[in-house]
Amino acid sequence: FNGHGYHLFQAMRFGVEEINNSTALLPNVTLGYELYDVCSESANVYATLNVLSLLGTRHVEIQADPSHYSPAALAVIGPDTTNHAATTAALLSPFLVPLISYEASSMTLGMKRHYPSFLRTIPNDKYQVETMVLLLQRFGWIWISVVGSDGDYGQLGVQALEEQATQQGICVAFKDIIPFSARPGDRRMQSMMRHLARARTTVVVVFSNRKLARVFFESVVLANLTAKVWIASEDWAISSHISKVPGIQGIGTVLGVAIQQRLVPGLEEFEEAYVQADKGAPRPCSRSFWCSSNQLCRKCRAFTAEQMPKLGVFSMSSAYNAYRAVYAVAHGLHQLLGCASGVCARGRVYPWQLLEQIRKVNFLLHEDTVMFHDNGDPLSGYDIIAWDWSGPNWSSRVIGSSTWPPVQLDINETKIRWHGKDNQVPTSVCSSDCLEGHQRVVVGFYHCCFECVPCDAGTFLNKSDLHRCQPCGKEEWAPVGSETCFPRTVVFLTWHEPVSWGLLAANTLLLLLVSGTTGLFAWHLDTPVVRSAGGRLCFFMLGSLAVASCGLYGFFGEPTLPTCLLRQGLFALGFAVFLSCLTIRSFQLVFIFKFSAKVPTFYHAWVQNHGPGLFVVISSTAQLLICLTWLAVWTPLPTREYQRFPQLVVLDCTEANSPGFMVAFAYNGLLSVSAFACSYLGKDLPENYNEAKCVTFSLLLNFVSWIAFFTTASVYQGKYLPAVHVLAALSSLSGGFSGYFLPKCYVILCRPDLNSTEHFQAS
């Protein structure tokens, strides 16, 4: 005996009697009805064909114009299941007979092209699926199993749920269908339980009708699957048929999507009055009440007040939907017959006319708005419920609601009693969340199963894409395992740093010494010491040192185009001129004392053609051409260097690795070696002309300085590299100045007795 179905037909009878007794709704019209038990597919088709048969006949007539067809009934309420509703809707649609179902929620029934006359007072399953996905997202459950019942309701629900869940990043680890023929604990259900256990999912969505849901949970209890969260579809979420499964209270937490709980005022009293008016034991049906030959019943059911089926929450909510469907038909008929005037018209009514009016209804029924959307779905919502075993008996507690459009979820989490310790929300993930700055590397087939790998330096993890680290911008940097990028610090050798102060002071001091030496030599130009040092050539050498020293100021401050062009060029040219003078000076002394007597012809030609000056001009011009070519072809430009340090932007010039710089430096190196060789050959010259020791020392200092610079540059590329460059250049200039000019200044200032013609002739 189907107690739930009993309440549904009593709700329909109750609604019809209320309307027939009403003076406001269909005042002078009496509604009649026929009731059918659609306990099987054949019974469902039989009932549908009976409805379609011409009034007073037992056959269906196919007419050329179905709009003038008058079937036995103007509208149909029901049936309950999706499969039965699809069959009935397909048969009624060609005749446009309104069909309003109170429990068929399948998405396919909303396709007006296939089922133009179908409406319903239960929400469409697409909203149920969206609500379930929101529920899963609300608690962070992304690793789930989905089980559905055989038939359109379960299979289509599982399919839609899998599609939407996958789109939202939820992984379905296990999916199965409970067959119609399933029995608790049979081989098929045992296999399902084993796979469900192996899936290691804490959350299981059960999209099933009540009958197969009971088979499923009886199998769950037998398999001892516990400590899980079970998400219920509306067909069994608040059904006592499921909650009465022995041992089900130990399976974990049950949350569900349920149709909104509403009451049919007076229904319970109506059923009690019906029982009291029809007392007695089961008896054979009278001939007029015999069941049709395709049904199994052979006895009419009679109840006592104690035996009457209990009207539970689930049955009451479903009964309200049937009750609401009856009122929708009545309001549509009320408008069609023009009953607003107080008297209803008495003309012929066709089903398609009534269908048009039912689609337009909009009325209040016990403070509930009844209306239909374009696809025949009602204006409605869901309750979110949780099973509660805290008392002596099972009960369901409303913990939230779902409304649309768009679908929105409102849940009071404090009302949920979780099965775990300390009432903590269970987790259902394949892999735990990664630490900040760690990307997810998918392992296997499901994107929910992953390993955590830290993002490399210079990349960060954007929360919009947890599976790929994104590179920082050029002006940004990030350490290993970062969630954000940080602005790079712009660095260069500024004027106000202590290192800069020291180098600037040393360079300025060198310029002052060069200037002082120039004045001193000008004052003592005709003395033997100045004449032996090269006479007027000394001013050319001192000037070249000053030019090279001035170029070093371009290494301080933010690099600009003028400083990049001048700083290396001035130093390279000035130092080349100095080395050219030093080389020819050393060569000339060696040549005069050692080779002039041996090759007098060459010596006289050298003197007559101004060989020393010519060499200096040619050597300096060569370096000038090298520098001009360098500046024209490989122009040094201000640059922002990003590769040296991840967190810094180093401002520098682009001359460091250019071929022009290397050629200019190599040329100065060649001159240094030449000067060193000539100075070394003159180590045994007379004392007043012997400059080998000092010049050799200064050139050795030059070599050591640049070797140290290039060694440092190979391992360090920071903001202080220009300072190292300045130090090497300053060492070279200071060494050249000290080795060549300071001994002569010492003699001029401190030993004037040695700065005489007699002393030079004596030595």
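Just so it is clear, glycine is given a Cβ too, placed from its N, Cα and C backbone atoms.
What TrEMBL records for 499-763 is domain 'G-protein coupled receptors family 3 profile'. Taken from TrEMBL, the feature transmembrane segment applies to 501-525, 537-556, 568-593, 614-634, 661-682, 694-716, 722-742.
Between the transmembrane segment (537-556) and the transmembrane segment (722-742) there are 3 or more Cβ pairs closer than 8 Å, counting only residues 6 or more apart in sequence, so the two stretches are in contact.
Beyond its flanks by at least six residues, the transmembrane segment (501-525) meets 495, 533, 535-536, 538-539, 542-543, 545-546, 549-550, 552-553, 556, 723, 726-727, 730, 733-734, 737, 741, 744-745, 748-749, 755 of its own chain at Cβ-Cβ distances under 8 Å. Residues 533-534, 537, 540-541, 543-552, 554, 603, 606, 611-612, 615-616, 619-620, 623-624, 626-627, 630-631, 636, 653, 655, 661, 664-665, 667-668, 671-672, 674-675, 678-679, 681-682, 685-686, 689, 691, 695, 729, 732-733, 736, 740 of the same chain sit 6 or more residues outside the transmembrane segment (568-593) yet have a Cβ under 8 Å from a Cβ within it.
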